[in-house]
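Taken verbatim from TrEMBL:
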type	residues	note
BINDING	GLY400, GLN401, THR402, GLY403, SER404, GLY405, LYS406, THR407	ATP binding site
COMPBIAS	18-45	compositional bias 'Polar residues'
DOMAIN	300-648	domain 'Kinesin motor'
REGION	17-45	region 'Disordered'
REGION	76-110	region 'Disordered'
Amino acid sequence: IAVGGGLRKVARGAVGPISNSRLGASSGYGTLSRSNNKLSGSNLSISGRPSSVTIRAPVNGAGVRRPVTNITNRINNTRAPPVAAPASATKKPQGTVAAAPPLEKGRGKRPAWDLKGRMQDMEAVVQKLTLERQENLDKLDVFGNQLSDLHQEKHQLGTHLNEMQSVEQAKLEELSEANKQIRQRDESISKLKLSLQEKKCSIEQKDRAISDLSMEIQLKLNEMIHIKTSLSGMSSAKTIIEAQLSAALSQITGKDQHITDINKELTDALTSIVDLKAKITTGEDLRKKLHNKVLELKGNIRVFCRVRPLLADEIVKNGDSDSILHLNVLSENSIELLKGTANCDTSSMSGLKSRGNGAVEFTYDRVFGPKHTQADVFEEVSQLVQSALDGYNVCVFAYGQTGSGKTYTMEGVPDSLQDAGIIPRTVTHIFTEIERLKEHGWEYQIETSFLEIYNETIRDLLTSPVEAKNVAYDIKMTTDTRAPHTYVTNLKIVSVEKPAEIYSLLAMAQQHRAVAATNVNQHSSRSHSVFRMMLNGTNTKTSETCHGSLSLVDLAGSERLKESGSTGARLTETQNINRSLSNLGNVIMAIGQKQSHIPYRNSKLTHLLQPSLGGSSKTLMLVAVSPLDSCINETVNSLRFAAKVNSCHIGVAAKQLKKN
């Protein structure tokens with residue numbers, strides 16, 4: 001308890017009763033502490049029982065006590081009730097000032113000179129505080145005793161709880177053990193019941209068996225009686241039975257001989273099967289040779305022509321008619337072009353021999369009209385695809401003006417079986433043939449790549465433009481003289497095992513290819529795309545290997561600068577496209593004329609296709625022709641170029657075959 005101008009604060013510890021030694025008082029003279037009913041401090045001391053308190057002021061250096069003005073002022077501020085001064089205090093000692101009587105309630109402060117009165121007021125306050133303090137200490141002692149009793153009772157309850165928990169745990173363990181023993185006894189009882197049931201069933205079975213045996217014994221006894229009765233008659237039949245047995249033995253001997261003959265026939269059949277398999281292998285080799293011979297007779301560079309049908313909007317512009325007046329398919333190998341159209345440029349027709357009706361006839365290896373389907377076209381192309389599996393380099397490329405149907409012929413319509421192009425049909429055909437050739441011991445590994453040549457720059461269509469950024473693609477030639485072929489550095493090569501993987505790659509390449517709109521075609525391909533498959537076969541029976549390649553090329557559309565209306569970037573694209581197509585024609589002409597120098601390196605396209613254009617390959621050029629009268633000048637140029645290529649002979653293709 002602190003005293004400073006009245007009752008200021010009561011402090012109590014967090015745990016346990018407040019002891020007497022924790023009581024203190026503070027004033028302007030320092031901090032007071034209580035011990036044995038005495039308050040003392042560095043500047044002031046208060047002592048006495050609760051009924052009487054003495055306050056002594058400090059002594060200064062001259063031996064005179066300092067006034068306790070601060071303490072008295074604080075005591076007066078408390079407005080404590082007046083205390084009657086003792087009788088001795090009313091007598092004024094000599095040489096001192098008489099103390100004024102205690103202040104009554106409602107009166108002002110005592111004067112400063114009335115020290116004794118102030119001391120009396122303070123003694124009254126201290127006495128009151130001491131009484132209150134003693135009462136609080138008594139209460140605290142009672143509370144402390146109660147708290148101690150509660151702690152002791154808590155401890156006893158905790159001990160009792162632990163004992164009860166231990167007893168409960170022991171009971172639970174005993175109960176668990178009892179349950180376990182009960183379960184074991186139940187299991188034993190179940191087993192005993194099961195065993196008893198089995199024994200009961202066994203006894204019943206034995207009883208039934210005994211009953212059956214009794215009946216059987218009775219039957220046997222009856223049979224024996226019957227046998228004894230008929231035994232006399234059986235002796236006469238014995239001779240007959242012996243004769244029949246002898247005949248049966250003779251038949252068995254004949255059967256054994258028949259089985260021997262059948263085994264011999266089976267051995268001969270197995271030998272014949274082995275010979276037939278050898279003949280099949282030989283026949284497969286002969287088929288490949290004859291197939292290659294047929295293609296050689298047809299020409300190692302072949303030219304097909306296809307006229308696409310009119311589209312829906314073109315039919316409307318043509319007066320709701322799908323007829324094509326300026327083009328006429330004469331047969332499977334020829335097509336004629338009529339000169340008398342308003343859009344025909346006479347200069348483009350110069351040098352062409354016309355028929356009597358003013359039409360010009362062109363002859364190719366195969367001509368497909370507007371009514372022919374994608375399946376009809378691939379039926380002819382499939383022969384070359386088969387050559388790639390047989391170990392030859394094969395190249396198929398579509399040539400023609402933009403909008404003539406080259407991309408449709410090569411790729412077709414996605415997810416459509418009827419309109420699938422040459423590339424997806426080739427994939428299906430190759431995997432079907434690979435499954436068939438497995439019967440003859442052939443196993444194939446297929447590697448694919450897909451690129452485009454845009455403005456004489458190679459782009460990898462199987463790599464995103466972000467990944468291909470700052471990657472250099474250069475065309476190189478392998479050093480293997482037996483199977484020379486070109487390859488592109490840093491080009492992504494993907495090994496495939498099923499058609500679905502290739503279809504996924506084709507869809508990816510289609511998204512990356514450069515396409516733009518011109519006056520001639522809203523979706524014109526602005527680059528040459530080259531899809532290549534490397535077919536490496538091994539025969540596990542004969543150790544024979546073959547290495548073929550198949551390049552399927554969709555060339556960018558040729559178009560005249562004046563008609564295309566190209567400017568800026570489109571103009572640059574058109575110039576590069578026409579230049580590379582012109583170089584392709586120059587290469588084919590040089591090959592056909594047996595020139596000493598073939599300008600393969602004049603363009604990236606001819607450099608890349610060098611092994612597929614030379615004498616060791618089979619090449620098919622499919623020229624696509626637009627049915628529109630407005631495109632007749634480009635149609636004439638395409639047909640004229642295709643006719644020149646058809647007149648070329650590039651030599652005999654070499655098979656890339658090796659026997660170990």
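Note: Cβ is positioned from N, Cα and C throughout, glycine not excepted.
Features as recorded by TrEMBL, highlighted on the structure.
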residue: GLY400; record: ATP binding site; Cβ within 10 Å: 30
residue: GLN401; record: ATP binding site; Cβ within 10 Å: 26
residue: THR402; record: ATP binding site; Cβ within 10 Å: 26
residue: GLY403; record: ATP binding site; Cβ within 10 Å: 22
residue: SER404; record: ATP binding site; Cβ within 10 Å: 28
residue: GLY405; record: ATP binding site; Cβ within 10 Å: 20
residue: LYS406; record: ATP binding site; Cβ within 10 Å: 26
residue: THR407; record: ATP binding site; Cβ within 10 Å: 25
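Note on the domain 'Kinesin motor' (300-648): mean pLDDT across this stretch is 84.
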